[in-house]
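A.B. asks: Annotations for this protein, taken from TrEMBL, read as follows:
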- 249, 250, 260, 285, 286: ATP binding site (BINDING)
- 5-306: domain 'Aspartate/glutamate/uridylate kinase' (DOMAIN)
- 416-471: domain 'Aspartokinase ACT' (DOMAIN)
Ligand SMILES: Nc1ncnc2c1ncn2[C@@H]1O[C@H](COP(=O)(O)OP(=O)(O)O)[C@@H](O)[C@H]1O
Ligand SMILES: N[C@@H](CC(=O)OP(=O)(O)O)C(=O)O
């Protein structure tokens, strides 16, 4: 029988510099030495900012901006070479790492050269771009493996792509330097993961695999889309029938709101799969929206933890038992547009809803939320960047004499998610009142078992998030000033 494993995923912020990578290495070491934890399989992202940099390189290569391209490549090289010196002691280990990094950087340059030649003739530019984008993770597995070995633990980078994917969608209207996500093929990935990972586990070597990237059966490098390493970790975890997946990031777990936008957030100790999926769908960056797909059906728990404070338990996302999680969190998904398809006949038939959604899907836009419908109209939200192609298709395919299509841009969805809200019948009233008290108009609203969604203008969305958090989750208690201060004020008056 194969040994049971757990997956540890470290995001770009956790491997952002040499000191952070050393911290990651000690978490790996502690997990390995913890007798209560299964054998660790590690999945890492590129150092933070590196994928953006690689996509800039791809853009420069496609538009023949040689100088800018070389400058970025040099900066990328320098960053990794400097980090190598911070994660390994002087000696053989560092020399080996430097040698491996140089070899990888030379292959990156080759892939940039291939992309440069492919762009003018339009020869599979999206696949050549994915190959360039994949080098961030390919470089960071070398750094993390060496840092882990420096802790006296046997660790090896998994150089071949673990995840086997479909071909990514090809949209020729995309600008240069964009990667599209491909879908993992489960059976092929399972077989490949077993071949690449179990021999290392059986030999007591910690495998350090790259997140984000994959390969088609025909051998093309692909990605799972931007921020796709969480999804990679759960895909690999499911393929290995892992016991659990820990996602290490730069916050203590899933919080009641994004701490970059709201001051007094709280940690949510537990979330159901459905609650976590809804939160990430509505913009909580802490998890990639597809992360839970591979593992929810298998009831494998995911733990979101802080790589800077690994002693904290974090948030456990898992199956619900009889009691609800009681969680309540607020997130915002921005840059949305509302499409309304209306019958020119006031009593027109609603049966065209199916056609509308089929056309939206054909234009590559999943409705983010459905706002309202009646006998003769249907309103729904899509990402603003998809609006032109959806509207073009609707105008083209729907009879203009019968249907009118209108668009409202500059919107955002504020989602109050969790059984903490749905258990309380007053939540909707309090949410609307909170926004009204700040004079933020509610453009549309919806409720479901997972929570309440309020559509507001994008420019008010951060304010809306803060006031919803204040009135529904954590009141901001005004500072009580010292009586002596107040006396002084009175005297001055
Ligand atoms: N509800 C939330 N709880 C926790 N973090 C959140 C939430 N919503 C947004 N975030 C943001 O997600 C960030 C972590 O995601 P990301 O930057 O992609 O990390 P990583 O580099 O580890 O992949 C946090 O720093 C935080 O600002
Ligand atoms: N490096 C990739 C994949 C990823 O998921 O990164 P992170 O874990 O830092 O979000 C990206 O930036 O898109």
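In case you wondered, yes, glycine gets a Cβ from its N, Cα and C as well.
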A.B. asks: Mind checking how the domain 'Aspartokinase ACT' (416-471) divides into helix, strand and coil residues in DSSP?
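C.D. replies: The breakdown for the domain 'Aspartokinase ACT' (416-471) reads 29 helix, 14 strand, 13 coil.
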A.B. asks: Highest Cβ count within 10 Å among the binding-site residues 260, 285: which residue is it?
C.D. replies: 285
A.B. asks: Which residues, in sequence order, are found in the same chain with Cβ within 8 Å of the centroid defined by the Cβ atoms of 249, 250, 260, 285, 286 at the ATP site, excluding those residues themselves?
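C.D. replies: Near the ATP site, the remaining chain residues are 11, 13, 251, 258, 259.
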A.B. asks: Sort out the sequence-distant neighbours of residue 286 (ATP binding site) for me: same chain, 6+ apart, CB within less than 8 Å of its CB, listed by position.
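C.D. replies: The answer is 249, 251, 254, 255, 258, 279, 280, 304.
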A.B. asks: Provide the number of Cβ atoms within 10 Å of the Cβ of residue 250 (ATP binding site), excluding the reference atom itself.
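C.D. replies: Result for residue 250 (ATP binding site): 17 neighbouring Cβ atoms inside 10 Å.
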A.B. asks: For residue 249 (ATP binding site), what is the tally of other C-beta atoms lying within 10 angstroms of its C-beta?
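C.D. replies: A count of 24.
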A.B. asks: With the ATP site defined by the record as 249, 250, 260, 285, 286, how many Å span the farthest pair of C-alpha atoms?
C.D. replies: 14
A.B. asks: Using DSSP with the three-state reduction, classify residue 249 (ATP binding site) as helix, strand or coil.
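C.D. replies: In three-state terms, residue 249 (ATP binding site) counts as strand.
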